[in-house]
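J.: Please read through the structure below; I'll follow up with questions.
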Amino acid sequence: MGLAYDWIKIGHLFSVFAWMAGVFYLPRLFVYHADAETRSVQSETFKVMERRLLRGIMRPAMYGTWGFGLWLGLKGGWFSGASWLWLKALLVLALTVYHYQLDAWRKAFEIDANRHSSRFFRMMNELPTLVLFGILVLVVLKPF
Ligand code: HEM
């Protein structure tokens with residue numbers, strides 16, 4: 001598809017990996033944070049880790065994933081021909097909703113208002129696994 005296309009794809013995948021690292025790690029931090037004593041040193045440290053992970057890595061990586069992904073879709077003409085891309089976009093939308101939900105949980109932790117158990121976050125941690133698997137099947141196999 002050309003050199004420019006390949007570099008845009010490298011930008012896309014770079015952003016995808018950084019975003020997914022956070023999408024899997026942030027709810028893990030919540031698992032331990034939920035069991036930490038409010039106002040303890042551990043709890044305050046988790047707050048800093050969570051804020052920096054979300055704002056410093058996940059948020060810019062999500063913007064990059066969307067930006068490079070839409071760019072690839074337009075440049076490659078995938079939107080007009082390929083319905084796999086529309087279904088993929090739907091799954092990406094689900095990941096994006098999940099991202100904002102993580103931010104909402106993070107803000108609750110920040111003001112010591114979390115009401116969820118560590119078990120709850122353990123279960124939530126499984127959701128993006130399935131969505132990511134679906135995205136990979138679609139983008140690699142392009143089944144329709
Ligand atoms: C609105 C968001 C997105 C759009 C429009 C989009 C679109 C695209 C397009 C057009 C390609 C190139 C396909 C090709 O050249 O064969 C691509 C590649 C890829 N995308 Fe996305 N993408 C988005 C988000 C994501 C997300 C969230 C993930 C994973 C979590 C992801 C994973 C991948 C992977 C792994 C490839 C490489 C596939 C390959 O080259 O074989 N994308 N994307």
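Quick reminder: no glycine exception, Cβ is built from N, Cα and C everywhere.
TrEMBL labels come from automatic prediction, so no person has curated them.
Among the features that TrEMBL reports, heme binding site is placed at HIS12, LYS88. Annotated transmembrane segment per TrEMBL: 12-32, 53-72, 84-102, 123-141, in sequence order.
A description of the local structural setting of each listed feature is requested, covering burial, neighbours and distances.
T.: The DSSP secondary structure for LYS88 (heme binding site) is helix.
Under 8 Å from some Cβ of the transmembrane segment (123-141) lie the Cβ atoms of residues 20, 23-24, 27-28, 30-31, 84-85, 87-88, 91-92, 94-95, 98, all in the same chain and six or more residues away from its ends.
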J.: Can you check which residues sit near HIS12 (heme binding site), meaning Cβ under 8 Å from its Cβ, same chain, 6 or more apart in sequence, and list them in order?
T.: GLY64, THR65, PHE68, GLY69, TRP71, LEU72
J.: Determine which residues of the chain contact the transmembrane segment (53-72) at the Cβ level, with the cut-off under 8 Å and only residues 6 or more beyond its ends counted.
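T.: Those are 5, 8-9, 11-12, 14-16, 18-19, 21-23, 25-26, 29, 78, 92, 96, 99, 102-103, 106, in sequence order.
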J.: Cβ under 8 Å to the transmembrane segment (84-102), counting only same-chain residues 6 or more beyond its ends: which ones?
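T.: Result: 19, 23, 26-27, 54, 58, 62, 65-66, 69, 73, 78, 127-128, 131-132, 134-135, 138-139, 142-144.
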